[in-house]
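Peer 1: The structure that follows is given in the form of structure tokens.
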Amino acid sequence: MAIRRKFFAGLTALVSFVLSGAAQATAELNMRPGVTETSLEAFELHMAVIWVMTGIAVVVFGLMIYSMIFHRKSKNPTPATWSHSTTVEFIWTIIPFIILIALTIPAVKLLIKMEDASDPDMSVVVTGSQWKWHYKYMEHDIEFFSNLATPQQRENFSLEEAQNNPNYLLDVDNELVLPANKKVRFLMTADDVIHSWWVPELAVKKDAIPGFINETWTQVPTPGTYRGQCTELCGKWHGFMPVVVKVVTETEFDDWVAQKKEEKIAAEKAAAEAAAQSWEMDKLMELGKTVYDAKCAACHMQNGAGVPPTFPALKGSAMAIEADQINAHIDIVVNGKAGTAMAAFGNQLTDAEIAAVVTYERNAWGNDTGEKVQPADIQAFKAGN
Amino acid sequence: MSEQEQKLSNKSLVMRLLGVVGGMFLFGFALVPLYDVFCEITGINGKTRGQAIYQKKEIDHDRLVTISFIADVKRGMPWEFKPMENVVKVKPGELNEVRFYARNRANEDIVGQSVPSISPSEGALYLNKTECFCFDQQRLAAGEEIEMPMKFYIDADLPEDISHLTLSYQLYNVTEAFAGDSVAAK
Amino acid sequence: MADHHPTGLKRWLFTTNHKDIGSMYLWFSFVMFIIGGAMAMVIRAELYQPGLQFVDPNFFNSMTTMHGLIMVFGAVMPSMVGLANWLIPMQIGAPDMALPRMNNWSFWILPFAFTLLLSSLFMDGGAPNFGWTFYAPLSTTYGPPSTDFFILGVHMMGISSIMGAINVIVTVFNMRAPGMTLMKMPLFVWTWVITAFLLIMVMPVLAGAVTMMLTDRHFGTSFFDAAGGGDPVLFQHIFWFFGHPEVYIMILPAFGVASEIIPAFARKKLFGYSSMVYATASIALLSFVVWAHHMFTVGMPVAGELFFMIATMLIAVPTGVKVFNWVATMWQGSMTFETPMLFAIAFVILFTIGGFSGVMLAMAPVDFQYHDTYFVVAHFHYVLFPGAIFGTTAAVYYWLPKWTGKMYNEKLGKLHFWLSMIFVNLTFFPMHFSGLAGMPRRIPDYNMMFADFNQLASIGAFGLGLTQILFLAILIKTIWGKAEKSSDKPWDGATGLEWEQLPCPAPYHTFDTPPKVS
């Protein structure tokens with residue numbers, strides 16, 4: 001039966017193409033070797049297993065195919081009668097055992113190396129939250145959030161966008177900047193649910209677990225930008241919280257640290273100035289809308305209707321219209337709400353931005369309270385009242 | 001076997017199997033304390049252990065272990081919370097004290113519970129706390145601030161390859177949820 | 001022997017006949033297979049190209065969750081119980097299952113359990129959206145309100161499975177015909193007994209896990225909440241203590257099916273019967289000590305990771321023995337390739353491919369690169385679709401003449417096989433590549449670099465889905481339509497009591513007097 005034979009020939013071709021073809025290491029077909037020592041070793045181990053598995057596949061499937069061709073009824077009308085052989089069974093128990101031990105030895109060595117985060121040159125605390133990352137450099141007093149560069153709203157994600165943007169879904173507003181050739185330890189934790197921080201080219205993947213810290217490390221020899229994603233299902237926008245690591249030379253890193261410090265001073269000054277003024281409604285509403293669309297609309301929707309009960313509506317919500325709830329409103333924006341996706345924005349936004357967004361929420365979509373919240377109010381709230 | 005015997009024999013086997021089912025259901029729950037015991041023995045997950053008692057220990061003067069502290073407030077917690085020192089270097093066997101600062105920025109009483117975690121997790125076996133705010137919940141009145149002490153020592157038999165420990169405290173608002181529970185973090 | 005039975009709705013509602021209950025289980029699982037498959041179509045349609053085209057990301061998460069739950073608990077497990085009901089009494093020479101009324105209950109719980117679960121699709125906040133693994137705290141503190149219905153549904157299906165498993169064990173231990181010693185039992189019976197023991201060991205643990213979720217959600221406990229002294233990772237340990245044996249629960253009966261069909265069509269005795277039994281038992285035992293290989297990234301101490309890595313790799317040894325035994329059974333046989341044989345051979349080949357990726361995933365340092373990517377999705381679909389589902393399909397074609405007295409259309413059967421074979425590979429093979437390229441699982445949208453493989457997988461999935469409609473048509477045609485009558489022994493190499501001592505179709509009551517077992 002020609003068709004059958006063709007099929008099995010095709011199947012063999014497919015299997016060998018896949019298992020060994022992957023070995024030809026075209027970028028799309030295979031794991032990326034990555035750039036760190038551990039990622040390269042993981043890649044080598046991956047290739048070694050693929051080859052071993054291919055070898056076993058060739059033998060086992062080869063025997064099956066041979067048997068299917070030559071031991072069919074038309075070729076072999078009388079079947080053999082044997083059905084047992086202790087020797088053979090012993091051999092094919094022992095051989096896989098030996099192969100597995102041979103694979104285990106390099107795996108054990110690499111694992112021990114990958115888990116050794118001791119004696120780092122610097123440490124970064126990585127905190128996952130729905131749906132962004134926060135990085136805090138322990139030695140440099142620098143911390144910032146890293147959001148998807150495109151605001152998390154459905155209409156921003158289309159085929160066209162994907163075709164035009166090579167880093168579609170893999171681009172953030174603030175990358176994690178690291179110096180090359182330094183051993184960097186990551187301390188992972190999470191704010192709400194479990195997330196997982198993964199950069200394929202560094203071969204670093206570690207879960208960020210709320211309440212606990214985990215550690216892992218990397219040492220990147222070559223400057224460059226390395227992209228990854230969250231790999232633990234963390235809710236609605238799980239697919240939209242990329243990880244971007246920008247590795248720079250040591251001097252560039254020092255410059256970046258200095259620049260971040262200047263930016264911080266400038267931002268504090270700007271915030272103080274903003275707090276000193278009394279803002280007009282138009283200005284608050286304008287800034288408020290920008291902030292809202294970028295930070296709040298992913299859950300509460302652009303029209304303020306939310307997706308109840310998970311993401312409550314702000315439109316017509318008591319908290320956003322009743323005058324005596326204004327402090328509660330500021331509180332939830334500044335401190336977040338436990339057990340929900342409502343994050344604390346107190347240190348993600350400036351006082352002016354918080355004032356603007358609260359004002360916007362109290363006046364948009366027919367909430368028309370006419371109330372203004374000033375940056376100074378936020379400053380006072382944060383200082384404790 | 002007669003039909004009667006058959007029924008009896010079925011019944012007794014069913015009973016035994018139901019026993020297994022019940023046992024396994026309980027085993028599921030037993031995994032909770034078992035896991036805690038297991039964590040305590042192996043240091044999985046860096047859960048720190050309960051209150052230790054410091055006895056005069058031999059101090060290893062040739063070794064310095066770096067301890068970094070991280071303090072985070074969780075969502076819905078209106079406190080300021082930070083270590084007074086970010087990093088300390090200690091000698092194994094020596095009793096040390098560090099302090100954490102907390103201030104309630106809200107205009108009402110808030111109860112906080114700090115949850116400790118150590119990395120690398122094996123380190124949890126060697127870090128002993130004789131006094132810690134995480135053993136109890138804290139209640140702070142509106143605007144109240146506090147300095148909270150934490151006394152600890154590192155076992156002298158801390159493995160050589162651990163030179164650096166990170167102790168993290170995550171502060172939860174438990175005013176509504178777990179107030180009054182004695183969760184004294186294990 | 002009077003072949004008398006009640007008719008109409010009452011027959012099905014109150015039946016205690018193992019054949020009726022077996023049929024109901026099989027049809028129920030087919031309905032669930034179609035519903036779960038429809039959800040897979042939604043997923044593949046959304047993933048056909050980058051961008052958010054059809055569904056909201058939250059609904060997408062509900063789809064992946066419900067697809068997993070329905071396929072695991074609604075399609076695969078009940079189909080295996082259906083086969084057990086039909087076959088075990090006939091294969092060991094028993095008149096019925098040992099506990100016929102319990103048998104009726106264990107089936108009738110299922111429609112209610114799944115109605116409850118499916119109704120959550122229409123609730124405020126949507127259906128469960130935290131993945132079929134329902135990791136805390138996403139499923140506890142952050143779960144939608146419908147989570148409580150999910151919990152109740154899981155409890156009900158757990159009770160159903162436990163009752164089914166108890167029934168199998170009691171039947172096999174107490175109801176064997178005289179002379180049917182344990183080591184004479186067909187392998188399908190053996191694999192099912194071992195499965196049943198796994199079920200009664202781990203389903204209660206799952207029940208415990210969802211009970212803890214429930215009390216965490218509503219009664220102020222904090223098993224999985226760090227704020228109250230709990231630990232989210234504990235949930236994963238409990239879940240996978242259930243979850244890994246669960247994987248073998250789904251595949252072991254399919255091993256049994258292959259071990260019946262391959263010898264029948266090779267016209268040669270199964271090679272290494274006793275080593276097959278021991279291999280199955282050791283797979284089952286090992287499955288209790290490997291669970292944390294699903295959790296290499298949660299931050300375990302190195303010693304723990306090493307233990308779970310090595311234990312997992314050990315499972316490859318007995319699994320290898322099984323595969324080699326099947327190949328040896330074929331060797332020097334006198335094979336013909338009717339539909340059941342085709343499915344059985346494809347089962348062996350494709351399941352083995354799933355086994356290869358399984359060994360890769362077992363190696364912790366490289367697993368960091370594979371974990372939670374499409375590579376994992378490819379892996380477990382290779383062991384579940386061409387594994388468990390091809391196994392069941394092979395069984396249905398093989399025993400259909402015994403059940404109905406009629407022969408399916410061989411041409412259509414072969415067409416069903418070849419289309420399934422092509423599309424199953426087209427669907428799941430590219431997922432290995434998208435996973436290796438770095439695509440995480442459970443995401444509704446992705447970068448262009450993953451686009452080609454996703455498109456292929458989606459085309460394959462649509463084809464695979466349509467092909468199963470053909471299966472339905474073949475079944476309907478065979479059972480109710482015009483189909484050739486089957487001889488009493490349509491497969492000349494078939495062995496076992498059901499083929500040697502019973503006609504086709506098997507009468508409503510069989511072996512009221514125990515058969516003679518040689």
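The backbone N, Cα and C atoms fix where each Cβ goes, glycine too.
Below, the features straight out of TrEMBL:
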- C:12-518: domain 'Cytochrome oxidase subunit I profile' (DOMAIN)
- C:21-43: transmembrane segment (TRANSMEM)
- C:63-84: transmembrane segment (TRANSMEM)
- C:105-123: transmembrane segment (TRANSMEM)
- C:149-175: transmembrane segment (TRANSMEM)
- C:187-214: transmembrane segment (TRANSMEM)
- C:234-258: transmembrane segment (TRANSMEM)
- C:270-294: transmembrane segment (TRANSMEM)
- C:306-328: transmembrane segment (TRANSMEM)
- C:340-364: transmembrane segment (TRANSMEM)
- C:376-400: transmembrane segment (TRANSMEM)
- C:412-433: transmembrane segment (TRANSMEM)
- C:453-476: transmembrane segment (TRANSMEM)
Peer 1: Sort out for me which stretch, of C:234-258, C:376-400, C:412-433, has the most Cβ pairs below 8 angstroms to the transmembrane segment (C:21-43).
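Peer 2: Result: C:376-400.
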Peer 1: Which sequence-distant residues neighbour the transmembrane segment (C:105-123)? Criterion: at least 6 residues beyond either end, Cβ under 8 Å.
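Peer 2: That would be 13, 21, 24-25, 28, 32, 35, 62, 66, 69-70, 74, 78, 81, 144-146, 149-150, 152-154, 156-157, 159-161, 163-164, 167.
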Peer 1: Establish whether the number of Cβ pairs under 8 Å between the transmembrane segment (C:270-294) and the transmembrane segment (C:187-214) reaches at least three, counting only pairs separated by 6 or more residues.
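Peer 2: These two segments touch.
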Peer 1: So which residues does the transmembrane segment (C:149-175) touch in its own chain, when a touch means Cβ under 8 Å and the partner is 6 or more beyond its ends?
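Peer 2: Result: 69, 73-74, 77, 81, 84, 88-89, 92, 94-95, 97-99, 102-103, 105-107, 109-110, 112-114, 116-117, 119-120, 123, 127-128, 134, 185, 189, 192-193, 195-197, 199-200, 203-204, 206-207, 210-211, 213-214.
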Peer 1: How about long-range neighbours of the transmembrane segment (C:453-476): same chain, 6 or more residues beyond its ends, C-beta under 8 Å?
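Peer 2: For the transmembrane segment (C:453-476), the nonlocal Cβ contacts are 30, 33-34, 37-38, 40-41, 44-45, 47-49, 385, 393, 396, 400, 408-409, 412-413, 415-416, 419-420, 422-428, 430-431, 433-434, 437, 439, 446.
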Peer 1: Would you report the average pLDDT that the model assigns to the domain 'Cytochrome oxidase subunit I profile' (C:12-518)?
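Peer 2: In the predicted model, the domain 'Cytochrome oxidase subunit I profile' (C:12-518) has a mean pLDDT of 95.
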